[in-house]
């Protein structure tokens, strides 16, 4: 028997991955939630009110299933809520985009490599149709409704003309696939033979296996598309493949310094415990901004208040905007001057607080 309390706890912490739906036997909805990060957040919020009903359905509530049976008799063809229709549209759009990202950019190959261009273009359109049909099919088979497998995929094939253009109109294609599936493909899901305790352990573990395989495939396709075919636009409008950008990042000095700092903190955590690690974390990442302020003023950490004031006067005079003539120099000097003033204010206020704290400590010790 499913528990409402447990369902809400899973929803609170792991709802974005759809695990509360997996717990309640709604594996298709769990997969959709995982792929869309909780139904783009909207579905996750909606679940707050729907979970009690989902639990009753999972537990084979007789009154709820009797009501469902009456609906199937009174209305043989089910309707489709706006939420489900939008879900079919969005999931079809996302899945089509992710699947088609597996194909590398072929836009410049039409003249130089026409045969390769034709193969890649056909593969691209096929993956668009596959992703679109699969996304619509998953959402159409959630809850009390089901859909014949061939409706979304045939509808997806039928909208091929919108995908053959140089710039495919994917939104229109997904809209018509969802519309045809809603209008012709939706059916009531038949009730199980046993009205109570229908969600057995065997079925649960089967759903877990389906969920894990589906999520693994989804992440594999997503990361493969990003790693091999996605690009990042840098200065000058130049596009660099993500795999090259990642390689450059891991070879950069910034990453090396970050890696060394993290490794240092992990070593301290392992050897000396949490408190020493937290103390070093505050020092390394400079949450207070004190170390950064000392660097701006070109002073060693721990400089006295007199040294800070002297350096502040010196640097403020050197970088005062009035000393420069051209607008570019004045602008740069203004930025540096403001940075120096902020550093001076920050360090002076901290030194003053420490002085007051030391005075109070001395007074208390005298008492």
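Glycine is no exception: its Cβ is also placed from the backbone N, Cα and C atoms.
Predicted automatically and left uncurated, TrEMBL annotations should be read as such.
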Candidate ranges 5-24, 145-164 [criterion: TrEMBL lists as transmembrane segment]: 5-24
Of 115-140, 167-192, the range TrEMBL labels transmembrane segment: 115-140
Of 324-345, 346-367, the range TrEMBL labels region 'Disordered': 346-367
Of 208-228, 229-249, the range TrEMBL labels transmembrane segment: 208-228
Helix, strand and coil residues within the domain 'J' (292-361) as assigned by DSSP: 57 helix, 0 strand, 13 coil
In contact by Cβ distance (the transmembrane segment (208-228), the transmembrane segment (83-103); 3 or more pairs under 8 Å): yes
For the transmembrane segment (5-24), sequence-distant contacts whose Cβ falls under 8 Å of one of its Cβ atoms, 6 or more beyond its ends: 30-34, 37-38, 44, 47-48, 51, 54-55, 57-58, 199, 207-208, 211
